[in-house]
Amino acid sequence: MKQKTSLFARLADGSLVLQILVGIVAGVILATVSKSGAESVAFLGELFVGALKAIAPILVFILVAASIANQKKNAKTNMRPIVILYLFGTFSAAVTAVLMSFLFPTTLALSLDAAQASPPEGIGEVIHTLLFQLVDNPVNAVLTGNYIGILAWGVGLGLALHHATDSTKQVFADVSHGVSQMVRFIIRLAPIGIFGLVSATFATTGFTAIAGYMHLLLVLLAAMAIMALIINPAIVYFKIRRNPYPLVFTCLRESGVTAFFTRSSAANIPVNMALCEKLKLHEDTYSVSIPLGATINMGGAAITITILTLAAANTMGIQVDLLTAILLSVVAGVSACGASGVAGGSLLLIPLACSLFGISNDVAMQVVAVGFIIGVIQDSAETGLNSSTDVIFTAAACEAAERKENA
């Protein structure tokens, strides 16, 4: 029994990336060797997607309400330039993702029998739908997966509880922690679920499906590379008026590489703090901006949400006009700020963005499952971009403030 327990503990504490890779390889091998065997394990993928579908609405509602209710009062005003950079950078990432999706449209191999989309006519219908989703009954919003309504009621409850007693806030913080633990447990089952998903995908659609995933992954990585090597340096140059690349490459090397392998912005906070100290930044500033950046500076997440959502829209045959794409950029940017600290957080917020286009929760969750399949690389690159940008923008704001003082 002890041996079994230790084996389970080793599996639970092992590298999720390696386990997912094993699941993908095992699924491909099974589909190659035995098509019937691959089809028989498809239920593992369905169970995994079902668990995600069940927990996601509760997760969004509780996390949003708890984070707003427990927000610190009297935040330092000298954080404003950095916060503006964080938000602008996240929105820029979403816009970059929209442009990449328009230039290199992607479609996915999804099962569309279960639910069909009712595509919106344009921005007017999208806004009309959005307004009525906002005022949906909160219980119904959770039951039906109406993420716009969930987000609205979560924000409303969080604001209402912002002035509540500390004990009430602590209850919400504890519930939020509990839900996050449940999500982590479900994510630990990802290798088994992905094994079932990959087996079923290759058994039913053949190996042509991987071409779609490779195209999607290349578009995602290209958008993140453009953000890291072109957009971020341009933003930094605007602030510091000198060559930004020495700073950018230092941050990518010393923060981005570590974050790529840890796949956690929160886990990379100590690394970023040490880098800020090495860069001789103001401790009073970076001690606040780095943890804040791990929460709201989510350019990589905005790219993931936008590209996967537009891939879903393309797959469903929905024509996306420019104004709707801009609205998606805003929604993706705001949603990305809520992706922090949640395992697979950016993927679980895809249904919220998909709801803008009338895409059903069933189809959206299949897109989330595709995200988990490519997540071995996508999530690592996303975290590397997010975390390194925290230091880049903090350093740029500090240098700009110093230059202004010395002028």
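A Cβ is built for glycine as well, from the same backbone N, Cα and C atoms used for every other residue.
What Swiss-Prot lists as transmembrane segment is 14-34, 48-68, 82-102, 141-161, 192-212, 216-236, 290-310, 316-336, 363-383, and the listing cites sequence analysis.
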> Are the transmembrane segment (363-383) and the transmembrane segment (14-34) near each other by the rule of at least 3 C-beta pairs under 8 angstroms (pairs 6 or more apart)?
Replying inline: yes
> Near the transmembrane segment (48-68), which residues from the same chain, at least 6 beyond its ends, have a CB less than 8 A from one of its CBs?
Replying inline: 138, 141-143, 145, 147, 150-151, 153-155, 157-159, 161-162, 172-173, 175-176, 179-180, 182-183, 186, 189-190, 192-194, 196-197, 295, 338, 342, 348-349, 351-352, 361, 365-366, 368-369
> Hey, would you say the transmembrane segment (363-383) packs against the transmembrane segment (82-102), going by three or more CB pairs under 8 A that are 6+ residues apart?
Replying inline: no
> Given the transmembrane segment (290-310), which of the listed stretches 82-102, 141-161, 216-236 has the most Cβ pairs that are under 8 Å apart from it?
Replying inline: 82-102
>> Checking distant contacts: for the transmembrane segment (216-236), what same-chain residues at least six beyond its ends satisfy Cβ-Cβ under 8 A?
In response: 85, 88-89, 92-93, 96-97, 100-101, 104, 106, 108, 244-245, 247-248, 252, 256, 299-300, 303-304, 307-308, 311, 370, 374, 377-378, 381-382, 385, 388-389, 392-393, 396
